[in-house]
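Novice: Per TrEMBL, the feature Mg(2+) binding site maps to ALA170, ASP282, THR286.
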Amino acid sequence: MIRNIITLLFLIFALNSFGQKESHTKVLLLMGSRFDITAVSPDQGKALNAIEAGISEIKRIEKLISSWDPNSQTSEIIRNAGIKPVAVDQELFNLIRRSIKISNLTQGAFDISYASLDKIWHFDGEMTELPDSTTVAASVSKINYKNIILDPEKRTVFLKDKGMKIGFGAIGKGYAANKALDIMSKMGLTGALVNASGDLISWGKDEGGKDWKIGIVNPKEKDKIFSWLNINETAVVTSGNYEKFVTINGQTYSHIIDPRTGYPVRGLCSVSIICPNAELADALATSVFVLGKDKGLELINQINGIECLLITDKQELFTSENLHLDYIKKPITNHKYQIKIGDKHAQ
Ligand code: ADP
Ligand code: MG
């Protein structure tokens, strides 16, 4: 059972109840995911305004990048695959350009054109048998980020092959979290945190006036903190194979696809990336998932300022070279609030 192989879940909480700066959180469904949006300020009006501004920003981005909304620019690009280039907003153009950069960095492990497979794999529990290998192979032939042709002058995007698709499932939530937090941080708060179902980024201080703190907790011993991460203006983004998956003939298939084979990747259970930028962290968490433990850690170890913590499906924990966890195994006692990250199915 997948639930039993999850070793860790993440909790964030403020231990300090002194120095009352009020913290306000709104929880809602955006981009098909749960978002927890927190603003800290002694002025409740300011906090609530900032939360609303963050929400509007996420909704705006969703409209631009959604591939299931037929009116989005992304859908327009997909409709014109193999036909003609489509002029898009600079913002979408830049997001696609950054996505291609990450494909280059990861040698194609991350590829937004994975999406030609999205009609083949369904991770909502409806699938009962594996797709046939010919269908998978036909779709894999359409995956290739090198066939996403950008023209910076005309600001157009052209998917070279008919049937090609793009999707921002592995980078969009991180991008939206970055942008929402950026807006909130300019609204006179003392702190803010956006948590998009386990993709989180913080700014400023928590309600106790301290750095935001993430406690990493073993779900089997939920009252024990396994280690601490201080996250001062940092993103922590987790990709897990426990949120969306199907089980066919006793085998679990996760929603992260190896673009080279067209099949869901195996070997890892959860990957967390820690770095200042939630979009990059989001994309790299998915990339490390595809690359696997050795190649994934090798990549992260080469990049300054980006750290990684991963758990294999044998429940072993590995970290990048410079991530020093502070093992204190201390019971959680007087925490004021908790936000569980990435543990929808981890009980
Ligand atoms: P989550 O945060 O939901 O655990 P990820 O950030 O890892 O997940 O994104 C997974 C999603 O990204 C999938 O549901 C799919 O939409 C998309 N995706 C799957 N495989 C790839 C890939 N190799 N490259 C880019 N996007 C992918
Ligand atoms: Mg991701």
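Backbone N, Cα and C define each Cβ position, glycine as well.
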Novice: Give the sequence-ordered set of same-chain residues, not counting ALA170, ASP282, THR286, with Cβ within 8 Å of the centre of the Cβ atoms defining the Mg(2+) site.
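Specialist: Other same-chain residues near the Mg(2+) site: PHE110, GLY169, ILE171, LYS173, GLY174, VAL237, SER239, ALA283, LEU284, ALA285, SER287.
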Novice: Fewest other CB within 10 angstroms, which one of the binding-site residues ALA170, ASP282, THR286?
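Specialist: Across ALA170, ASP282, THR286, these binding-site residues, the one with fewest Cβ atoms within 10 Å is ALA170.
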